[in-house]
């Protein structure tokens, strides 16, 4: 980020360092990160709020656990945008470099990591739910319902909050001039395991099983088509599964550079001293935070019910006033159907009461 001195993290330890060790890398991007995060915040927060409203309507309308998991992902993305982008990147750059208590900085750091973990790990129950729905459909009907989904989401949020507490002692890579300590090594490896290696392993295994199951079903249906004259059409990749694969793939791609740069900072060269690592760290953070604002566009591209719900929210449809306004229109087809039913019964009675023709009434000889 921008090279402003951090008065709070005063360098009492830097007095014993050599001038070469005190040489700090320059921020090549200048004000570009601040402009980027401001645009991302102004676009991402309203878009995620719109996504949350649309998903809440779909969840209340369909009573499916899927929309509750997607709603948890969206809520966690909003928290990540507020804590990481607004507080972490913008306020710390513009305000927190001034003389403020170090306790506040470390508390904000713990809140950032908790929101980050919640945003990532809310996708894991969604992946498990889709795996059970496709590979074990009978079991999915028994265990997947909104009440259980809400309990699972609550457990994930509590664990994410607890996992952010150790990062109270996280070191600022931009401003700390000393080499990573043993505590920094443990925190960095814990961080990359929680936010990337472990969830990506779960995504890879479950998505591979989902794709394998779908391919096996398609092969079986092709065999049935060749052997029998009548069979069901081949089952394609569902839109919900396509949405899941898109979410997990985008996450894996956008978070991979940051994971590599953090490990490179730990073992090869420091962000504080090497401007190239500093530049790579800034760009990787910008890519990673883009993940909090792209899910809305993925949902719109894949899901037709979501597009309809967004259209209703934007046009202010679906509320009590709209329901009251459209009530006469909904009653008209009902009355028409009743009249058509009456006319059909009347015609049937006339046919039954009409005498048979002489040819049909002639008795067989």
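Quick reminder: no glycine exception, Cβ is built from N, Cα and C everywhere.
Per TrEMBL, the features are:
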| type | residues | note |
| --- | --- | --- |
| TRANSMEM | 34-55 | transmembrane segment |
| DOMAIN | 47-299 | domain 'G-protein coupled receptors family 1 profile' |
| TRANSMEM | 67-91 | transmembrane segment |
| TRANSMEM | 149-169 | transmembrane segment |
| TRANSMEM | 189-211 | transmembrane segment |
| TRANSMEM | 244-267 | transmembrane segment |
| TRANSMEM | 279-302 | transmembrane segment |
| REGION | 328-365 | region 'Disordered' |
| COMPBIAS | 328-356 | compositional bias 'Polar residues' |
For the transmembrane segment (67-91), sequence-distant contacts whose Cβ falls under 8 Å of one of its Cβ atoms, 6 or more beyond its ends
1, 33-34, 37-38, 40-41, 44-45, 48-49, 51-52, 55-56, 58-59, 108-109, 111-112, 114-116, 118-119, 122-123, 125-126, 129, 146, 149-150, 153, 156-157, 160, 247, 285, 289, 292-293, 295, 299
Listed stretch, out of 34-55, 149-169, 189-211, that has the most CB pairs under 8 angstroms to the transmembrane segment (279-302)
34-55
Can you tell me which of 34-55, 149-169, 189-211 gets the most C-beta pairs within less than 8 Å of the transmembrane segment (244-267)?
189-211
